[in-house]
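A.B. asks: Take this structure, written in structure tokens, and hold onto it; I'll ask about it next.
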């Protein structure tokens with residue numbers, strides 16, 4: 001599931017996207033103290049694996065699923081249909097196949113006796129003179 005679809009789903013369920021606590025602002029004029037990076041003393045070496053894992057994108061799937069399960073309010077059918085349409089895709093292979101309806105051959109509901117009766121009533125005789 002892409003991040004944008006997940007974000008849309010969370011928005012539709014009611015949590016605004018910017019609800020997480022952001023960085024705190026410091027008072028103007030105060031700067032954080034700078035560290036002297038010129039020395040090696042006291043530097044802890046980190047493994048390449050730890051650095052790689054730190055820079056990887058975090059998987060928020062479990063957190064998002066937990067949030068969605070906590071919502072006990074049933075979603076509006078219009079909203080769910082929008083989500084399904086977004087996920088369906090635009091290509092023909094993504095759309096459900098619609099089978100064409102077969103036309104039934106139309107037979108007559110009248111029998112041969114009905115036609116003979118009609119002929120006698122309409123023309124007056126059975127056709128023999």
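Just so you know, glycine gets a Cβ as well, placed from its N, Cα and C.
Quick paste from TrEMBL:
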type: REGION; residues: 1-42; note: region 'Disordered'
type: REGION; residues: 85-111; note: region 'Disordered'
type: COMPBIAS; residues: 94-105; note: compositional bias 'Basic and acidic residues'
A.B. asks: Quickly jot the same-chain residues contacting the region 'Disordered' (85-111) by Cβ under 8 Å, restricted to those at least six beyond its ends, or write none.
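C.D. replies: Cβ under 8 Å, 6 or more out: 5, 8.
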A.B. asks: Counting by DSSP, what is the helix, strand and coil composition of the region 'Disordered' (85-111)?
C.D. replies: 7 helix, 0 strand, 20 coil
